[in-house]
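What TrEMBL says about this protein:
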| type | residues | note |
| --- | --- | --- |
| COMPBIAS | 316-325 | compositional bias 'Polar residues' |
| REGION | 307-332 | region 'Disordered' |
| TRANSMEM | 31-52 | transmembrane segment |
| TRANSMEM | 72-90 | transmembrane segment |
| TRANSMEM | 166-185 | transmembrane segment |
| TRANSMEM | 205-226 | transmembrane segment |
| TRANSMEM | 238-259 | transmembrane segment |
| TRANSMEM | 279-299 | transmembrane segment |
Amino acid sequence: MDMEEALNSTIHPTCLEEPPLAIDVIKQLDVFGVALYSMLTLMSTLSLLLYLEECVFIYRKVPSPKKTTIMWVNGAAPVIATMACFGMWIPRATMFTDMTSNSYFAVVVYKILVLMIEESGGSEAFLKNNAQKTFNISVGPCCCCCPCLPRVPVTRCMLFWLKLGALQYAILRTVLSILSIILWTNGNFDLSDLEITGTAIWINPFIGVLTIISLWPVAIMFMNICNTLRSIKIIPKYAMYQLVLVLSQLQTAIINILALDGTIACSPPFSSSARGTMLSQQLMIVEMFIVTLVTRALYRRTYDSLPTDPHETDNDQNSKISLQAPQGEHTV
């Protein structure tokens, strides 16, 4: 008992408190801190402005419904950067900013699947072009170690299950995020509480399972049609989506674990946990700014439809000629 009291007496009082208020963060900034916060705020603002400009371009140049899907996918990095900036300035709002970022990205996971289907011509064209094919489902993150799994024929039922697998994450992640905030306001949700009776130890692993389940159908779709969509740069687009996933989910989780373990030291007015969150947000702003620039270059163009069957093209041209011929004779 005396040892615990001696240990607590050597710890700065703010290291045991909740995250500081925004005004406390501003007061403790030195010249370097002001420059750093200003630069990061500028980066997040530029990310958001570039995204809004990109939305205007996509709305004018890309046909519907593909433009809505591209807007959702394009907005992942700017939204995460903007929420990280809010969380950096207002540390006590981290639960709300994280909920917004996570819920938005959960929708993006589903929209990536929808984008690949729409780039294939839509659901009907996708089913028609792949009617005689089978898909390999031995892909990550669920079944990459199971090469013995049978190939699955492309049917409307299979496409429905792929969409459902990705959509469940968008719905359940948002519901669980709202539930976490409700419990947090009542003092029942604490990331540092790893006891079996705590709610975080049950909710977070369940979210992890939902994440893995949702990534599987997206990976199945990509691995089986990436060669078909190679001309529209689907591989670097998918790589950017995977990068945002790793940075926003895995990187943040690792930093939070290091903070809870005490590896990231307390620095008044930030406790170890709050400082870990702050470092994660600062890294996220820089990373998402770079991702925003790359995705802007990848998506800033209008897409031509995929090549169709040459016999169908010839029939369409012949029909047009046959329709135009009587008109020409009539005018003569």
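Note: Cβ is positioned from N, Cα and C throughout, glycine not excepted.
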Legend entry - Cβ-Cβ under 8 Å with the transmembrane segment (166-185): same-chain residues at least 6 beyond its ends: 95-96, 98-99, 102-103, 106-107, 109-110, 112-113, 199-200, 203, 206-207, 210-211, 213-214, 217-218
Inset, instruction - Verify whether three or more Cβ pairs under 8 angstroms connect the transmembrane segment (72-90) with the transmembrane segment (279-299), leaving out any pair fewer than 6 apart in sequence. - result: yes
Legend entry - Candidates 31-52, 72-90, 238-259; stretch with most C-beta pairs under 8 Å toward the transmembrane segment (205-226): 238-259
